[in-house]
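Visitor: So Swiss-Prot lists the following for this protein:
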type	residues	note
BINDING	Gly77, Phe82, Ala128, Glu129, Arg147	S-adenosyl-L-methionine binding site
REGION	219-239	region 'Disordered'
Amino acid sequence: MNIEEFTSGLAEKGISLSPRQLEQFELYYDMLVEWNEKINLTSITEKKEVYLKHFYDSITAAFYVDFNQVNTICDVGAGAGFPSLPIKICFPHLHVTIVDSLNKRITFLEKLSEALQLENTTFCHDRAETFGQRKDVRESYDIVTARAVARLSVLSELCLPLVKKNGLFVALKAASAEEELNAGKKAITTLGGELENIHSFKLPIEESDRNIMVIRKIKNTPKKYPRKPGTPNKSPIEG
């Protein structure tokens, strides 16, 4: 996906990028490739691939969720900043918090945010299980996002405790959504969520399957969740 395809593809979905925003994506790409030589951020480094599989793919969440109507986002296990930072570039009013367990990645994200002059971005070096028990952040975000970091039953335990009541947990997944959803139903219900929608589509150009799961927080998460670090992965809430 070249820059023209990227720009026109987003414009078709009602997202118009200014010259400044396009510059931010260019700098994001340059820094991603530069830092990737020092720390492992991504296996995808070819420019057209990054624009399609990282930038465009991240922004697809905004095709189905109206980010103009929310203020706060938390991104769990964002790695090199996906999906939240491409979304932040498109919707500059957002207050974005990223939680990642690897300090090197947090350092990259801080430097990146500074270079892109992104305001209202917070980067936390923490495990999602620990972060989700913090009283100052628990059940405080309009939207919590995660992109392919773990299966849905595990992700729900890491993300739903952070979503405020009536807010959304938005999971960006490749294929196998139905299978994951069946295994994750018990976790979603236990943690106070309810599936609102699954949006299935194909990424342009390469035609690979994508799914965006939108889960509404309808009641408070029981205090015992998330459990201690490692437990959600070892013993997921599955029926």
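Positions of Cβ are set from backbone N, Cα and C atoms, glycine also.
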Visitor: Sort out the residues at least 6 away from either end of the region 'Disordered' (219-239), same chain, that have Cβ-Cβ distances under 8 Å to it, and list them.
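Guide: Distant contacts of the region 'Disordered' (219-239): 127-130, 132-133, 138-139, 150-151, 153-154, 156-158, 160-161, 165, 183-187, 190-192.
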Visitor: Excluding near sequence neighbours, so keeping only residues 6 or more apart in the same chain, what lies with its CB under 8 A of Phe82 (S-adenosyl-L-methionine binding site)?
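Guide: When sequence neighbours closer than 6 are ignored, Phe82 (S-adenosyl-L-methionine binding site) has His54, Asp57, Ser58, Arg147 within Cβ distance under 8 Å.
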Visitor: Check the DSSP secondary structure of Glu129 (S-adenosyl-L-methionine binding site), expressed as helix, strand or coil.
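Guide: Its secondary structure by DSSP: helix.
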